[in-house]
Amino acid sequence: MKPFSPEVSPDPCPATAAHLLRTYTLFLTLLELAQGCRGSMVSNRPFITVWNADTHWCLKDHGVDVDVSVFDVVANKEQNFQGPNMTIFYREELGTYPYYTPTGEPVFGGLPQNASLVTHLAHAFQDIKAAMPEPDFSGLAVIDWEAWRPRWAFNWDSKDIYQQRSMELVRAEHPDWPETLVEAEAQGQFQEAAEAWMAGTLQLGQVLRPRGLWGYYGFPDCYNYDFLSPNYTGQCSLSIHDQNDQLGWLWNQSYALYPSIYLPAALMGTGKSQMYVRYRVQEAFRLALVSRDPHVPIMPYVQIFYEKTDYLLPLEELEHSLGESAAQGAAGAVLWISSEKTSTKESCQAIKAYMDSTLGPFILNVTSAALLCSEALCSGRGRCVRHPSYPEALLTLSPASFSIEPTHDGRPLSLKGTLSLKDRAQMAMKFKCRCYRGWSGEWCKKQDM
């Protein structure tokens, strides 16, 4: 682990960072040409759920075995935050990410335009190789940088310090400039540097581990938090659409998009969760369709608790989060639990009971429905996507045709049943196909040349 230090190592040459990024981009392009379609853990699979939690501590510290392997959940060995299927980098674990502490102290320069990108990439090079020792890593590679956002306009409330300190830098250099010019220059400097840092880090990861699904947690965002509005629809505002459109470089560079659909506590009992989630996931698809790769996997981040509470989501809220994501044709979802939730025996027992009674059966239901729909409608070569005429339709199995039964000998839950003609007709009416890369046509039967 690197020592905590606010010091910044000056770049050896002002042009080095730009040259380094151009070199990485060239390497990445050559790799893509050589490999063609990147294979990954989500390739040609309708819907997967990834367990991104360190619940192994429940067994190690409290004797509570949260056995997620019995479900259709891809979990790392020992269920920790880094492994062959899933690696997440927090700010202390990848390079020398610049930010301000809650007391306003700069770390590694504080601002991206006041920090050394070359030093960061050199450290990140070693961090990536250490966290992902296998060159053919093909799992999810998530960067969790939340201190600042790459668009100036998105840095409000506690993030306003990045605007204020950016303007201070410009004032110090140009004390005679009017405030309008100071802010315009500060905005330009900040956004240019933010792009260099975020794009450069992605490019480095993609060069070192080209099969990994590299992307940033929480991007894109819809900022649709006005739950108390009596006319709340959940839709992203036009101004948010415009700002997200300016981040084309980020969507073009990402190998996966990881929007957050954590449910804030304010949504409890409001009946607005599905609207909230729907437009956050839709925004990811909107941006993916105009990016360099319209097939980029969408993998929303889901919590099983209401955010910052100890209240587990009821089944209907799982339908509004996991279920909504699957119905829109997401490649899967990442289930995350904070380490605080695994720190007590009581919390671990609650998680285990929830997994056994609610979450596990629901995951098996949704993933099985997605697979059966893919085979029935899309020739097994695409994902079922909800038809706009049926905005409430979910990919779940009919209880008249299927049953999910627990076993008593430690083996996984069992699914029994077959699709009836009525089930197939309902799927065909409410869903259509989004074909995997290389396939097209209404039923994904045509192989692209």
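Cβ coordinates are placed from backbone N, Cα and C, and glycine is handled just like the others.
On a predicted model such as this, the values are computed, not experimentally measured, just so you know.
Residues or ranges marked as signal peptide by Swiss-Prot: 1-39.
As annotated by Swiss-Prot, disulfide bond applies to Cys58-Cys348 (among others). Mapped onto three states, the DSSP output places Cys58 (disulfide bond) in helix. Under 8 Å, Cβ to Cβ, and six or more positions away along its own chain, Cys58 (disulfide bond) finds Val64, Asp65, Val66, Thr342, Cys348, Ile351, Lys352.
DSSP assigns Asn85 (N-linked glycosylation site) to coil in the three-state reduction, outside any helix or strand. As annotated by Swiss-Prot, N-linked glycosylation site applies to Asn85 (among others), with the evidence given as sequence analysis.
Summarising the annotation, Swiss-Prot assigns N-linked glycosylation site to Asn114 (among others) and lists sequence analysis as the type of evidence. DSSP gives Asn114 (N-linked glycosylation site) a helix state. Neighbour density for Asn114 (N-linked glycosylation site): within 10 A of its CB lie 17 other CB atoms from the protein chains shown.
If you look up Swiss-Prot, you'll see Glu146 marked as active site, proton donor. Packing around Glu146 (active site, proton donor) is summarised by its Cβ count: 13 other Cβ atoms lie within 10 angstroms of its Cβ, all protein chains included. According to DSSP, Glu146 (active site, proton donor) is assigned to coil rather than to any helix or strand.
Cys222 (disulfide bond) falls outside any helix or strand according to DSSP and counts as coil. Sequence-distant neighbours of Cys222 (disulfide bond) (same chain, 6+ residues apart, CB-CB distance under 8 A): Cys236, Ile240, Pro259, Tyr279, Arg280, Glu283. The disulfide bond feature in Swiss-Prot is assigned to Cys222-Cys236 (among others); the stated evidence is similarity to another entry.
According to DSSP, Asn231 (N-linked glycosylation site) is assigned to coil rather than to any helix or strand. The Cβ of Asn231 (N-linked glycosylation site) has no same-chain neighbour under 8 Å that is 6 or more residues away in sequence. Marked as N-linked glycosylation site by Swiss-Prot on the basis of sequence analysis: Asn231 (among others).
What Swiss-Prot records for Asn252 (among others) is N-linked glycosylation site, and it gives sequence analysis as the kind of evidence. Neighbour density for Asn252 (N-linked glycosylation site): within 10 A of its CB lie 15 other CB atoms from the protein chains shown.
According to Swiss-Prot, the feature N-linked glycosylation site maps to Asn365 (among others), an assignment based on sequence analysis. For Asn365 (N-linked glycosylation site), the number of other Cβ atoms no farther than 10 Å from its own Cβ, over all displayed protein chains, is 24.
The DSSP secondary structure for Cys384 (disulfide bond) is strand. Under 8 Å, Cβ to Cβ, and six or more positions away along its own chain, Cys384 (disulfide bond) finds Pro46, Gly329, Ala370, Cys373, Ser374, Leu377, Cys378, Leu395, Met427, Phe431, Lys432, Cys433, Arg434. Residues or ranges marked as disulfide bond in Swiss-Prot (evidence: similarity to another entry): Cys373-Cys384 (among others).
Cys378 (disulfide bond) falls outside any helix or strand according to DSSP and counts as coil. Residues or ranges marked as disulfide bond in Swiss-Prot: Cys378-Cys433 (among others).
The domain 'EGF-like' annotation in Swiss-Prot covers 433-444. Nonlocal intrachain contacts for the domain 'EGF-like' (433-444), taken as residues 6+ away from its ends with a CB within less than 8 angstroms of a stretch CB, comprise 37, 43-44, 295, 329, 377-379, 381-385.
Neighbour count (other Cβ atoms within 10 Å of the Cβ, all protein chains): 21 for Cys444 (disulfide bond). Feature annotation from Swiss-Prot assigns disulfide bond to Cys435-Cys444 (among others); the stated evidence is similarity to another entry.
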Winner by Cβ contact number (other Cβ atoms within 10 Å) across the disulfide-bonded residues Cys236, Cys348, Cys373, Cys435 | Cys373
Here the recorded positions are Asn85, Cys378, Cys433; which one has the lowest number of other Cβ atoms no more than 10 Å from its Cβ?
-> Asn85
Between the C-alpha atoms of Asn365 (N-linked glycosylation site) and Cys435 (disulfide bond), the distance in angstrom, to the nearest integer, is 22
